[in-house]
């Protein structure tokens, strides 16, 4: 199977609680490589652009407010079937429905403060990666 890339965010609630290292450990333990990463503080304009597909929905304002409330970690993950593997590792959006041992089951506070984001398709992964990372900042690692 070919390598695939996905996009991941460690959200403000998890960064504030110093969970970045724990989440990165789980990502790598799951066989995914972090090939780009940086800490950013989103502006309201950036949050609006990133979440443009949700504009007009009831949760759009609160989502922007949350995502601009503190720094986030954004990263590009690479591995076989990376999108599905990372989504399984994250668990369901609602932490009460997330399987035991998933990131959201273990660390999320609520549906809004659910610690992580991951792309849901190859198309969204490409768009989200491009939003934060020029190709020059992505550093694929050699196969072992």
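Note: Cβ is positioned from N, Cα and C throughout, glycine not excepted.
What Swiss-Prot says about this one:
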type	residues	note
BINDING	11, 59, 87, 93, 104, 114	ATP binding site
ACT_SITE	117	active site, pros-phosphohistidine intermediate
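Distance from the CA of the residue listed as 'active site, pros-phosphohistidine intermediate' to the CA of residue 59 (ATP binding site) is 16 Å.
Looking at residue 11 (ATP binding site) and residue 117 (active site, pros-phosphohistidine intermediate), their Cα atoms lie 7 Å from each other.
The DSSP secondary structure for residue 87 (ATP binding site) is helix. Under DSSP, residue 59 (ATP binding site) is assigned to coil, being neither helix nor strand in the three-state scheme. Ranking the recorded positions 11, 87, 104, 117 by how many other Cβ atoms lie within 10 angstroms of each Cβ puts 87 at the bottom.
In the three-state DSSP scheme, residue 104 (ATP binding site) is classed as helix. Between the two most distant C-alpha atoms of the annotated ATP binders (11, 59, 87, 93, 104, 114) there are 21 Å.
Neighbour count (other Cβ atoms within 10 Å of the Cβ, all protein chains): 22 for residue 114 (ATP binding site). Non-local contacts of residue 93 (ATP binding site) by the CB criterion (under 8 A, 6+ apart in sequence, same chain) comprise 104, 111, 114. In the three-state DSSP scheme, residue 11 (ATP binding site) falls into the coil class. Cα of the residue listed as 'active site, pros-phosphohistidine intermediate' to Cα of residue 87 (ATP binding site): a span of 9 Å.
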